[in-house]
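**Student:** What TrEMBL records for this protein is below:
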- B:23-164: domain 'Aspartate/ornithine carbamoyltransferase carbamoyl-P binding' (DOMAIN)
- B:Arg74, B:Thr75, B:Arg124, B:His152, B:Gln155, B:Gly280, B:Pro281: carbamoyl phosphate binding site (BINDING)
- B:Lys102, B:Arg185, B:Arg239: L-aspartate binding site (BINDING)
- B:174-318: domain 'Aspartate/ornithine carbamoyltransferase Asp/Orn-binding' (DOMAIN)
Amino acid sequence: MNLTFANARLVCPEAGARAGDLHVVDGRIASEAGEGAQVVDCRGRILAPALIDLGVFAMDKAACRAGGIARIGLMPDQSPVLDGPGLVQRAADMGKPELWVHPIAAATRGLAGESLAEFATNAEAGARAVSTGRAWIADSGVMRRVLAYARDCGLTVITHAEDGGLTGSAVATEGETATRLGLPAAPAIAEALAVARDIMLAEQTGAAIHFRQLTTAAAFDLVRAARARGVAVSCGITPAHLLLSDINVTDFRTFARLSPPLRDEHDRQAALAALGDGTIDVLCSGHDPQGPEEKRLPFADATPGMAGATTLLALGLGLVRDERITLQRLFAMLSRTPARLLGIAAGSLEPGMPADLVLVDPDAPWQIDADRMPGKAGNTPFDGLPVQGKALRLFKGGSEVG
Amino acid sequence: MQPPIDHRPGAQIYGRAVFPHAHLTGISGLQPHEILFLLDEAEQWIEANRTRAKSDRRLDGLTQINAFFENSTRTLLSFEIAGKRMGADVVNMHAAQSSVKKGETLIDTAVTLNAMRADVIVIRHMSSGAVQLIADKVDCPVLNAGDGSHEHPTQALLDALTIRRRRGAIAHQRVVICGDILHSRVARSNILALTALAAEVRVVAPSTLMPAAIEKMHVTPFTDFDAALEGADVVMMLRLQNERMSGAFIPSTREYHLNYGLTPARLARAKPDALVMHPGPMNRGVEITSSVADMPGRSAITEQVEMGVAVRMACLDVLTRRARGVEGWA
């Protein structure tokens, strides 16, 4: 079906924001209206590329629909691990027709950090990147081979940056809060240590590396310096590490148990600065729904992770409202840059792009409610927070996702 | 002498019970006057325990469940004796023989205990925050008998009571706490209680056993035990857990003793009448030598055990007053 979105406030990560109409012909964005186009009156609301959520742990259609997400980069930490072509292909087909699932294949077999998985075979089956998963690869020799081989295959390596030796069994960032609560804690430099090593290996091998989440001042400094040298390095962050700090785990709130753990206020401010100066490339949800059997436990026994897909857009719009970033840059972080890292043509309103679109009311007020979150679970550290901004309608390839 | 009374004048402040908390999950959250109130309440039980027939029936018919998910001998015994001396029906639940081993979640266990209509639950658990989690799910008062590395409030209260009785005051006493501060719930609760009562607290540990930002808890950290001992009124030694002794956090018990063992020579750096304390059980020859542990007039280690029963009686009494309908507490 052909569509014309009229009276829209178009926000394109590439062309910028303008008021006007957008045409969709045969599921793609077109420069002119198609035959018999149905008109959608946007009433001045935002029409932007649908969100591409890079690095989620569960395929959660209801949460994605509510959050305006049309594509996800699915982490290999599934059961079983996405380390073979059959599993990758199955994952890629899993979301149809409402959701594009772009599998991120395991960099090592079983994510064990020992022997290389079949990068090229998995890419042919639909994998768009390779990843170390939730964990860090401790063996520098293995990590070097992962990066070198991924460069040959033209795949970005998505890593988790925490030195496992320093983190050990830690569940919090070292500091006053962890000390008062008596929680096993690791120093924040565990992140920068891992980043420093991986950047050096990426630089030496010429690989493209993406840190799924960076959260500390020292790590952002390393990324800035590497980028200045021309290293193909990028990084992401979730709203949690921009808006919350380790004091949010006071009272042992397991919904605030995340990986990496929440940092201190100094690092949070550094993350906001890195957001503002463009060091951070991707805003992702880190969507990892965990039910009460994983969360209603003593803090250290609870599984880390948060449900974030539903709240990603609203919290991102809050960053625009707070004048941390522009609307255009927000959608670059939410769609164009994740698309580029996954090597897919999407995340833009340019003619020829797939018509993955989200119609957004940026002002619609609502309250985040853990008990009523759409999707698999409501484990949000933002429970009770009033926010503004809702995805009113979501289109994937020109068809509305109901 | 007067028999212990259920409540005394001054048990209310502005029309509210002086101790308004439903549970005792930690020293954190208690006001200084609330800590002092519990100490005052405990005083009456010390004499009673020593002199008269040790029976008081105020908890008659109440069920006290001691749910211990982590092994303990002395704390469990202390809580059991405390409950029985006041007439409670005391039931002990050991994790080793419970369904916890069969995969039942902590919440389910809590709900089960609640459904059995316990009147007060005493909990020890290996995870920080576990006691609070249970307290949120049950209708009766919950007493924390130690959760992970978080808190052990009755230990801090009995230590404070011991110091107050032996030194005459807590305020302005220089208290040196030495040992595995990183993993110690006893240290955390003591720091909170003693600083709330205006003591000067010094903590001593090798850097591998010292938590980050401990100075934010208003204590002075030392790695040099000798320097910390200068002018000390109280020296509180902590137990070093076996699994941390050989290489993981310290090289050996021999080396630990060299730097952090309390010997008579080292004790001489403290005030001549300084008090020696230890929450027990002691590793004699590791953190403390026998001559110091048994030093007459200086060691308060057995007195701490005695104070433990009195403090736990006071806590059980105070926390059940609302349910028992004691005047001024309902």
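Keep in mind that glycine also has a Cβ here, set from the backbone N, Cα and C atoms.
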**Student:** Restricting to the domain 'Aspartate/ornithine carbamoyltransferase Asp/Orn-binding' (B:174-318), what is the model's mean pLDDT?
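**Tutor:** Over the domain 'Aspartate/ornithine carbamoyltransferase Asp/Orn-binding' (B:174-318), the predicted model scores a mean pLDDT of 95.
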**Student:** Do the binding-site residues B:Arg74, B:His152, B:Arg185, B:Pro281 include any whose Cβ comes within less than 8 Å of a Cβ in chain A, and which?
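**Tutor:** In terms of proximity to chain A, the binding-site residues that count are B:Arg185, given in sequence order.
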**Student:** State the three-class DSSP label for B:His152 (carbamoyl phosphate binding site), counting H, G and I as helix, E and B as strand, and everything else as coil.
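**Tutor:** For B:His152 (carbamoyl phosphate binding site) - judged by DSSP and reduced to three states - the answer is coil.
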**Student:** In Å, rounded, how far does the Cα of B:Gln155 (carbamoyl phosphate binding site) sit from the Cα of B:Arg185 (L-aspartate binding site)?
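**Tutor:** Distance (Cα to Cα, whole Å): 9 Å.
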**Student:** Rounded to the nearest angstrom, how far is the Cα of B:Arg185 (L-aspartate binding site) from the Cα of B:Gly280 (carbamoyl phosphate binding site)?
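**Tutor:** B:Gly280 (carbamoyl phosphate binding site) and B:Arg185 (L-aspartate binding site) have their Cα atoms 13 Å apart.
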**Student:** List which of the binding-site residues B:Arg74, B:Arg124, B:His152, B:Pro281 have their Cα within 10 Å of the Cα of B:Arg239 (L-aspartate binding site), in sequence order.
**Tutor:** B:Pro281
**Student:** Rounded to the nearest angstrom, how far is the Cα of B:Arg185 (L-aspartate binding site) from the Cα of B:Pro281 (carbamoyl phosphate binding site)?
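**Tutor:** About 15 Å separates the two Cα atoms.
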**Student:** Let's see if you can do this one: DSSP helix, strand and coil counts over the domain 'Aspartate/ornithine carbamoyltransferase Asp/Orn-binding' (B:174-318), in that order.
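**Tutor:** Summed over the domain 'Aspartate/ornithine carbamoyltransferase Asp/Orn-binding' (B:174-318), the classes give 61 helix, 24 strand, 60 coil.
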**Student:** In Å, rounded, how far does the Cα of B:Arg185 (L-aspartate binding site) sit from the Cα of B:Arg74 (carbamoyl phosphate binding site)?
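**Tutor:** Cα of B:Arg185 (L-aspartate binding site) to Cα of B:Arg74 (carbamoyl phosphate binding site) measures 16 Å after rounding.
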**Student:** Near B:Pro281 (carbamoyl phosphate binding site), how many other Cβ atoms are within 10 Å of its Cβ?
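**Tutor:** The answer is 9 other Cβ atoms.
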